[in-house]
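> This is the structure, below, for whatever I ask next.
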Amino acid sequence: MASSMRSLMSDPSRYLRSFRVFLAKSTEHQCMQEFVERQLPGVLASIGHGKPAINVLSVGGGAGEIDLQILSAVQARYPGVTINNEVVEPSAEQILKYKERVAATSNLENVKFTWHKETAYEYESRMNAEKNSKKWDFIHMIQMLYYVKDVPATIQYFHSLLEAQAKLLIIVVSENSGWETLWKKYGSSLPLDDLCTYVSSADIKRMLDSAGLKYQLHELPSDMDITCCFTEGDEDGELLLDFLTETLDFSKTAPPELKHQIMEELKKPGCSEKRNGKVLFNNNLSAIVIEP
């Protein structure tokens, strides 16, 4: 691996820029929204029976787009019930956007928000230090398990915080996605650091099975338009390539041979399909609902 390649996570502002291009070019949030509207009400049916308040923990809540949709589903299922929504999110910029989004959203009168600017690991360490074993009715970890050091331990810890009728929701990329194909083939050539791990639904299922936990799996079909990645010098294309490879300035720092191989791989059926003159990357996700 060329020493000039660095992890995208080493530059938080470029990471956020590339993430925003990813959201704009993909159906990531749309497919989650569909899951929240169609499948989540059934998942939530058990969590709040007879409770005066429902405690929701969002781990890696980002800027809150999906969180607010989830809260709306909880409100619809349990009208008038107080919801205590706590958010664990390490990015100050994302928390600021989340707070702005809350301020601009109506019908949140019965939701109390608390934000913790920390990682999942920092939250766990703080709770342990405070000997705080607060239990939750619903915990969700959406697209964030790539950024924890010990995935099985993180899942086990948050699972241990579930109330008797609660649920833990994990959303990660599907084992049937282009991500899985790309990572399996080229992950070892890319500059992964401690801040990022390649993990898909296949890995999560293995961890849950070995821990003896019960779960249901929902596949969420999604794609991402990566056509601009094949236009030399296209700014969005370069940011998307950074995001796909988790590499800072991938197109400028990758060895030419590796860059060529990955650009070819991205066009292949294992990663993408061509439709109406566009190259659409398979961005399928898996929603995994874990029982207490």
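Just so you know, glycine gets a Cβ as well, placed from its N, Cα and C.
Feature table excerpt (TrEMBL):
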BINDING   E28, N283  substrate binding site
> Give me the long-range Cβ neighbours of E28 (substrate binding site): same chain, 6+ apart, Cβ under 8 Å, in sequence order.
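Listed in sequence order, they are F22, Q143, S222, M224, N283, L285.
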> Taking the Cβ of N283 (substrate binding site) as the centre, how many other Cβ atoms fall within a 10 Å radius?
24
